[in-house]
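Colleague: I grabbed these lines from TrEMBL:
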BINDING   SER10, SER11, TYR12, GLY13, HIS14, ILE15, THR78, ARG79, PHE80, HIS134  FMN binding site
BINDING   TYR12  NAD(+) binding site
BINDING   TRP98  substrate binding site
DOMAIN    4-190  domain 'Flavodoxin-like'
Amino acid sequence: MAKVLVLYYSSYGHIETMAYAVAEGAKSAGADVTVKRVPELVPEDVARNSHFKLDQKAEIAKVDELADYDAIIIGAGTRFGTVASQMRNFWDQTGGLWFNGKLVGKVGSVFTSSATQHGGQESTILGFIPTLLHHGMVVAGLPYAFQGQSGVEAVKGGSPYGASTITDGDGSRQPSEVELEGARYQGAHVARIAAKLA
Ligand SMILES: Cc1cc2nc3c(=O)[nH]c(=O)nc-3n(C[C@H](O)[C@H](O)[C@H](O)COP(=O)(O)O)c2cc1C
């Protein structure tokens, strides 16, 4: 049974929702799944004044525990076209794991969200993949075998690089069923690859 970590950062809860859908998908493919988040870095008053979702139940991950999993699926929202710095900061602490090759051969995968349709989902995911490759990880995305990402009948996230959701400028849009399906598909896809490699 592959051990899969879904590691996320979410200010407003969209990525949190997507993370549990990814986890559901990984579980459905037989994986032993853990959902954790990375620490918040903005001052508490800023988080409160910005209406961040502060009641998130997932435990905070420790950097060294990344070595304990066969696959790590990373979720964080777009910030100015790139990944939220909370996630970046966490991975900036993985130098020791990198030096000792602790993540070599594990599966890595990324999902995201943004306010606008063309606000940087692809650049966020693609911008994070070099980090996974520097660690020697095997990168998996969201194949077009997940047909929900095709078609223009509705506003929707999803790309071959990874699942995604679009939140609208005020964050009022929640992940749609097809976006959640994409997240589940990515979770199952990664879990199956990790099981084969493990
Ligand atoms: C400082 C900041 C920068 C952002 N930059 C972008 C951006 O470049 N493009 C975009 O579409 N949305 C942008 N957003 C919106 C976030 O991507 C969105 O709030 C996030 O994906 C919601 O996910 P969450 O609910 O999990 O936090 C930005 C938000 C903040 C706070």
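A Cβ is built for glycine as well, from the same backbone N, Cα and C atoms used for every other residue.
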Colleague: According to DSSP, does THR78 (FMN binding site) fall in a helix, a strand, or coil?
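Modeller: THR78 (FMN binding site) sits in a strand per DSSP.
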Colleague: Considering all pairs of residues in SER10, SER11, TYR12, GLY13, HIS14, ILE15, THR78, ARG79, PHE80, HIS134, annotated in the record as contacting FMN, what is the maximal C-alpha distance expressed in whole angstrom?
Modeller: 30
Colleague: What count of other C-beta atoms do you get within 10 angstroms of the C-beta of PHE80 (FMN binding site), across all chains shown?
Modeller: 10
Colleague: How long is the line from the C-alpha of THR78 (FMN binding site) to the C-alpha of TRP98 (substrate binding site), rounded to the nearest angstrom?
Modeller: 25
Colleague: Taking only same-chain residues 6+ apart in sequence, whose CB is under 8 Å from that of HIS14 (FMN binding site), what do you get?
Modeller: GLY77, SER113, THR165, THR167, GLY171, GLN174, PRO175
Colleague: Under 6 Å from ligand 1 by C-beta, which of these binding-site residues make it: SER10, THR78, PHE80, TRP98? Sequence order, please.
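Modeller: The ones that qualify, in sequence order, are SER10, THR78, PHE80.
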Colleague: Taking the Cβ of the residue listed as 'substrate binding site' as reference, which residues of that chain separated by at least 6 in sequence fall under 8 Å from it?
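Modeller: Listed in sequence order: HIS134, HIS135.
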